[in-house]
Structure formats: structure tokens, C-alpha cells
């Protein structure tokens with residue numbers, strides 16, 4: 001029985017073709033040098049990664065003014081005697097996602113006023129020198145604090161993701177680029193609009 | 001207020017012609033390369049050009065036909081005029097007796113190839129080696145698709161596809177009489193082919209336990225039947241085969257690591273380089289070790305003999321005359337070998353993974369003449385010029401370097417490639433050099449100016465192998481893009 005099972009297993013198992021010639025022929029002087037190339041690729045990858053990490057921060061506006069919490073938020077007094085002070089109103093421009101529903105007002109800690117919400121930004125392509133009015137997809141990073149990023153606060157220096165599909169940018173593999181990052185260059189709360197530079 | 005310096009004196013700049021006239025004369029002694037003086041010391045105008053010197057030397061030597069010569073003083077070549085190159089360039093006094101060394105140049109000129117005349121598809125895998133036959137009439141390529149193809153050079157079309165190997169064909173070598181093509185493969189065998197019919201000659205020659213790295217035929221002037229072939233393998237052995245009896249004559253197995261390159265010298269010695277850091281010199285007729293050349297600190301990758309070209313071409317020279325029979329061919333080959341060596345021993349240069357090269361006289365001593373440094377990455381390939389006066393080295397540091405073939409003195413660095421340089425090949429008149437590289441281009445270098453002469457793009461991927469036909473009219477190259485390209489002038 002065992003023998004039979006083994007025979008069946010052998011039948012179904014794919015035999016390695018001993019006659020097959022491997023692809024990717026290389027001349028004798030490159031044989032046995034693959035190991036070195038792998039090592040090279042590895043070290044290059046490490047270098048590339050380091051570069052990328054450093055490159056993340058090379059943006060048009062590398063430094064921004066710090067914004068204190070009391071400038072960012074206005075304290076709202078609640079309660080019958082106006083003694084509770086746990087509510088905050090964001091005093092800067094914000095981006096609120098499309099499908100956002102407010103929490104019940106009783107539990108809402110952060111209020112993002114409708115007047116300061118933005119859906120579109122003026123994005124300049126630095127190489128083309130042209131400006132487009134593009135819809136914002138999300139707030140990628142607010143350099144002030146991760147909390148602001150979460151809230152979608154847009155201040156000067158914030159990296160936002162914009163929808164560039166109408167620009168017709170194409171990746172090296174030929175696909176159309178949809179979202180791209182841009183950095184805000186003005187103070188939206190003062191100006192009433194968002195100006196940004198595309199990061200390329 | 002800043003004080004002004006004295007007004008600068010304008011250098012006097014009379015016309016160039018006036019300078020040439022006012023240079024005065026120099027006492028010069030013309031000597032041959034061996035150090036023999038020719039004629040009495042002469043009083044020459046300092047502005048004398050190589051062309052004028054050429055007229056002079058042809059008269060002094062009573063040559064029937066004017067021959068081309070190159071002139072140098074202390075190893076510095078005179079390319080524009082004696083004054084500019086030597087007196088200004090080397091700061092020589094005009095009052096000493098200058099020793100001008102003259103060297104005959106090839107009497108024929110090879111025109112640089114400039115265009116791709118055909119791109120031949122057919123191989124399904126990268127082309128690993130390209131080789132013209134010694135008479136330049138046939139071309140063969142070995143590929144990763146286990147076949148060898150023989151191409152028709154007149155129509156530039158495929159002629160025969162020789163299949164039989166079961167692994168990548170790593171190396172092909174033509175016998176010196178151009179009647180047999182040998183191929184070494186990844187499948188550990190050596191096969192012989194008849195290039196006229198495209199049929200295999202017998203079964204594979206088995207014996208090696210690892211793949212074949214290099215092949216070398218016995219030179220024609222030592223053996224007029226061309227029936228001895230040496231093969232080296234990764235298993236560390238070298239086998240000498242009798243191709244008519246189809247058996248091993250001797251096996252040399254003293255290398256402790258893979259043998260990378262073998263060369264069969266013109267005086268019956270066989271040279272082998274290995275990854276065990278040594279070069280061994282063997283007596284090919286008895287299979288005995290003669291001496292071991294040590295010095296390299298890492299794998300030895302390549303060997304080149306000063307007589308490589310004349311041994312490869314055997315009885316065939318630039319005139320294109322075919323010898324009538326074997327005996328005449330052997331006589332002619334011996335004549336050419338003697339003319340090339342001038343009764344001096346062969347020189348051997350070895351390139352290594354330790355970024356250096358060594359220049360040896362392996363038939364006389366185990367001490368190197370010179371250790372050549374300068375490359376910044378491993379030296380992959382070296383090649384002597386057909387006249388044996390220069391050699392070039394190709395390295396993975398993207399450069400080709402040029403060295404003096406007698407002393408090993410550094411001459412020039414040829415930069416231009418943007419990837420590792422894989423192979424180089426000289427034109428048969430020693431005036432041009434072609435190099436193939438990973439950057440998918442071939443480049444032709446002019447050795448008079450030591451500059452790039454032509455860039456030959458066209459390959460789609462790395463160029464693994466290049467060969468210049470011994471006649472000089474064609475270059476063939478093949479690489480990873482599976483295409484064979486033939487280049488012409």
C-alpha cells in the first residue's frame with residue numbers, strides 16, 4: 001500500500017527537468033560573481049533607503065513657525081453655568097472629508113467651523129510654472145502636531161494630498177497618477193484660500 | 001587705495017612659423033628599439049615633425065619602399081614636432097644629444113568601423129562569445145541557448161546552427177588552420193565542429209567535472225596538424241586533448257581553485273591563471289609544471305601574451321594569401337612568429353581581482369617585471385597589441401588603461417564608458433582599440449591621440465563579447481540582447 005501511495009505521489013509530483021537550461025546566460029568572467037552583485041544591490045538598497053528618509057523632509061518650506069495650542073483652539077464654555085471648558089473650536093482652516101458626520105454636539109470635543117472648511121486648493125506645479133485649482137484628498141501631515149493632522153488642520157507648511165488626475169501626469173510604468181502631495185505655502189486662515197506647491 | 005603692481009609684460013607672440021624657424025638645431029641620434037644606432041648623430045631642426053623624421057629614417061635604412069615609423073624619446077612619443085613634445089614637453093636641453101628611438105609601424109592601416117551593417121537575430125539567449133576565424137573569413141558565436149551559430153560573412157546571414165550542447169556555450173575557439181571550431185560549455189563537455197558543413201565532429205569530449213572556462217589550441221608552427229587542444233575548467237584542472245584520437249593526452253590538476261584562463265605559448269609552454277591566486281606555467285608536451293608565478297592577492301582573471309595575435313592568426317596575414325598546403329602554412333606561421341618575437345621571449349600580462357596586473361617573462365623567471373597599479377576595480381580583461389608594444393586592460397571601474405608592453409609603464413587612461421568594461425580588442429595594425437561594456441555601447445579608441453574616436457551605440461543591453469576580424473574590415477559584437485551586430489567602416 002505504502003509503495004502504491006508513493007508511486008501515485010511520484011506521478012503527480014512535478015519532475016524537475018534535468019535537461020532544462022536556465023535562463024539568463026552570462027559569460028565565464030561574470031560567473032560566480034552573482035553573490036557580489038547581490039551584496040551590491042543590498043548595500044545600494046540600504047543607501048537608497050537612507051536617502052529616501054532624508055529626502056522626505058526636503059520640501060519647499062522646511063521650517064514653519066510653531067503654533068501654540070491657545071492660538072489654534074478657542075476654548076468654549078459649556079454647561080448651565082458656563083463653567084465647563086472641555087470643548088474646543090479650531091480657529092484655523094481645516095479639511096473635512098466628504099463623508100464626515102458630526103458627532104452628537106453633546107460629545108463633540110473639537111468643533112471645526114463650516115466657514116473655515118476647504119475642499120480645493122490652488123496648486124502650483126513648480127516645473128511647469130502653472131497653477132491649478134485642485135480638489136484636496138486628505139491632509140498628509142501637519143508639521144505642528146499629529147493631533148492637527150488627525151483633525152485635518154491646514155496651516156502653512158502642511159503637506160496635503162491633492163487630486164491631480166486632470167493634469168494627466170503619468171508614472172514611469174505608464175499609469176496615470178491620481179493623488180500627489182503638495183505643501184501649503186500661505187496662511188489659509190488669513191487669506192481665505194489655500195495656495196500650495198506640488199512636491200515632485 | 002590699493003597699490004597697483006607693475007604693468008604686466010605682454011609675452012611676445014610672433015607668428016608660429018617664425019618660432020619654428022628660430023628654434024635652432026638639435027643634435028639627435030637615431031637608434032632602433034634594440035639600442036643599435038643608425039647613422040651618425042645628426043643636426044636636426046628642432047621643429048622637425050614625425051613625417052620628416054620618417055623620410056630621413058627610410059633613407060638611412062635604405063628601404064626600397066617607405067615604411068611608417070613611430071618616434072619617441074625616453075618613452076615619450078613625438079606626435080606633433082620634436083620641439084613641442086620633447087623639448088617643451090620633457091624639458092630637455094637642446095644642447096644634449098637626443099636619443100630618438102624609432103619603431104616600425106604596421107605597413108597597412110585598418111579603417112575604424114563606423115556603422116552597423118547588420119543586426120542578426122537568431123540566438124534566443126544572450127551571446128556569450130564571438131569569434132572570427134584566423135583567416136577572417138568565418139564568424140561563430142556561442143550562446144546561452146546551448147547552440148553555436150556560424151554566420152555567412154559575405155551576405156551577413158546565418159549559415160549553420162550547431163546544436164548538441166546541453167548547457168550554455170561559454171567559450172568558442174577556432175583552430176589555427178580554421179578547419180575546426182571547438183566549444184566549451186556549461187554541460188562540462190568540449191565539442192568540435194566542422195565549420196564548412198556545420199556538423200559536429202564526433203561526440204562530446206567528456207572528462208571535466210565542472211563547466212569549461214577557456215580553450216586554447218596549440219599554435220600552428222608547433223603542430224601542423226592542429227590536433228591538440230587544451231581546455232580549462234572550474235574544477236581546477238586543465239586537460240590536453242588529442243582531437244584526432246579523441247582522448248586526453250594529459251591532465252594537469254595542481255590548481256586548487258577554478259582555472260580562469262589558459263594560453264598556449266609559441267614555445268611549447270602553456271600558461272594558466274586560476275582563482276587560487278597563482279599563474280602556472282606548464283610544459284605542454286609532457287604535462288609537467290615548469291614554474292608557478294605568484295604575486296596576485298586575489299583571483300587572477302585574465303592572461304594575455306605578447307604573441308597572442310600572431311599565434312591566433314597563424315599562417316594568415318594581412319595580404320590575404322592562402323598557403324598551399326600544411327607545410328607551407330607551418331613555415332609561414334613560424335616565420336611570422338619569429339618576426340613578431342625577434343628571438344626575444346614572450347611576455348605575459350595577468351589581470352586580477354586585486355585591481356593590479358603583473359607583467360612576466362614566464363619562460364625565463366618567476367619574478368615579475370612590473371606590478372601595474374592604477375585600476376580602481378578588478379581587471380577583467382587584458383590584451384596585447386598585435387605588434388606586442390602596448391597592452392590594454394579593461395576594468396570594472398569603467399576605464400581602459402594603456403600600458404607599455406616592454407616595461408609596463410603607464411601610458412594613458414581611456415575614459416568614456418559609463419559601465420564596467422567587459423572586453424577589448426585591438427585592430428590588427430595596433431592603431432585602434434575597441435571596447436565593449438555593460439553600458440550597451442562599443443567604443444573605438446584612437447591610440448595616437450589616446451582619445452575616443454567613435455562611439456558605437458546600438459545594442460539594447462550589455463555587450464558581453466567583441467571581436468575584430470584579423471583582416472580588420474569587420475567587428476562583430478554580441479551580448480545580452482541576443483543580437484549579433486556586425487560593424488563595418
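Cβ from N, Cα, C; glycine included.
Per TrEMBL, domain 'NLE' is recorded for B:26-84.
The repeat 'WD' annotation in TrEMBL covers B:120-161 (among others). Sequence-distant contacts of the repeat 'WD' (B:120-161) (same chain, at least 6 residues past either end, Cβ-Cβ under 8 Å): 167-174, 176-178, 181, 183, 185, 187, 193, 195, 197-198, 312-314, 316, 322, 461, 464-471, 473-474, 476-486.
Annotation source TrEMBL lists repeat 'WD' at B:162-194 (among others). Within the repeat 'WD' (B:162-194), the DSSP-based counts of helix, strand and coil residues read 0 helix, 18 strand, 15 coil.
The feature repeat 'WD' is assigned by TrEMBL to B:205-251 (among others). Mean model confidence of the repeat 'WD' (B:205-251) amounts to 91 (pLDDT, 0 to 100 scale).
Feature annotation from TrEMBL assigns repeat 'WD' to B:252-292 (among others). Helix first, then strand, then coil: DSSP counts for the repeat 'WD' (B:252-292) stand at 0 helix, 24 strand, 17 coil.
According to TrEMBL, the repeat 'WD' annotation covers B:372-413 (among others). Tertiary proximity for the repeat 'WD' (B:372-413) is limited to same-chain residues at least six positions away from its ends with a CB under 8 Å from its CB atoms, namely 75, 103, 105-106, 298, 301-310, 340-341, 347, 349-359, 419-430, 433, 435, 437, 445, 447, 450.
Annotated repeat 'WD' per TrEMBL: B:414-455 (among others), in sequence order. Across the range of the repeat 'WD' (B:414-455), the DSSP-based residue counts are 0 helix, 24 strand, 18 coil.
What TrEMBL lists as repeat 'WD' is B:456-489 (among others).
Same-chain residues lying 6+ beyond the ends of the repeat 'WD' (B:456-489) with a Cβ under 8 Å from its Cβ atoms: 108, 110-132, 134-136, 139, 141, 143, 149, 151, 153, 156, 309, 312-313, 316, 318, 320, 419, 422-429, 434-438, 440-444. Under DSSP, residues within the repeat 'WD' (B:372-413) fall into helix, strand and coil as 0 helix, 23 strand, 19 coil.
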